[in-house]
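Working notes for the structure below.
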Amino acid sequence: MVDYSNWNQKPESDFWRFLRMRKSVLMNTIMVAVNILVFLLTEITGSSLDSRHLVNWGAAYTPFIEQGHEYYRLFTCMFLHFGLTHLGNNMLVLVFLGDSLEREVGRIRYLLIYLIGGIGASYISYYAEIRGGEMVVSAGASGAVFAVIGALIYVVIRNRGRVENFTTRQLVFLAALTLYHGYTSAGVDNAAHLGGLLCGFALGIILYHGKKRLPS
């Protein structure tokens, strides 16, 4: 006997499937929302392209951190961005990679990877500036985004080279290509990117021990 009950049901579109899957990624959704909200506030009160304005909002600036002991900037700088393109690029990567990572490691571990990895990236950038004698205003979620990439690389390795639609080769290629672009471009905080990648991978080792699976 043929079941005709589902014949009139339209197949779920990729867009609706994407929205449905996002219900399980609360922390990443919050992180994206906070970044967007902070960007809107910086635009309302001034210009996100104005370095002085971002410093007033908490961007990282080595003299203020080193001499003024304003270490909170290593955290607050993670949520500030220089312009819409800077924000958009980071959030686009964060949505697609962060969602997959949160589904694998869970909400709390994901939040720890994002925040601790981001702060670690900020500190490595700060240390590199002190060593190099270069004092610039630094801001952006890219250190935390690279921490997400680093952790996801480890998770994929632990899962035999594939998690959802991502493979180890794809993620390593993405990280290498982005790092290469940074080192061949001006105005890119390469120390934060590399530092975030390494911190994220280390946090993945510490926090992720594989999903519990029922025996078949």
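Cβ from N, Cα, C; glycine included.
Listed in TrEMBL:
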type	residues	note
TRANSMEM	25-42	transmembrane segment
DOMAIN	69-208	domain 'Peptidase S54 rhomboid'
TRANSMEM	71-98	transmembrane segment
TRANSMEM	110-129	transmembrane segment
TRANSMEM	135-157	transmembrane segment
TRANSMEM	169-186	transmembrane segment
TRANSMEM	192-210	transmembrane segment
Range from 25-42, 71-98, 110-129, 135-157, 169-186 with most C-beta pairs under 8 A to the transmembrane segment (192-210): 135-157
Distant-in-sequence neighbours of the transmembrane segment (110-129), which means Cβ under 8 A and at least six residues beyond its ends: 27-28, 31, 60, 62, 65-66, 73-75, 77-78, 98, 101-102, 135-136, 138, 141-144, 146-148, 150-151, 189, 191-196, 199-200, 203-204, 207
Surrounding residues of the transmembrane segment (135-157) on its own chain - C-beta under 8 Å, 6+ positions past either end: 31, 35, 51, 54-55, 59-63, 77-82, 86, 90-91, 93-94, 97-98, 100-101, 104-105, 113-118, 120-122, 125-126, 129, 163, 166-168, 171-172, 174-175, 178, 189, 192-205, 207-208
Non-local residues, at least 6 beyond the ends, that sit with Cβ under 8 Å of the transmembrane segment (71-98): 25, 28, 31-32, 34-36, 38-39, 42, 48-49, 54, 57-61, 64-65, 110, 114-115, 118-119, 122-123, 126, 138-145, 148-149, 152, 166, 171
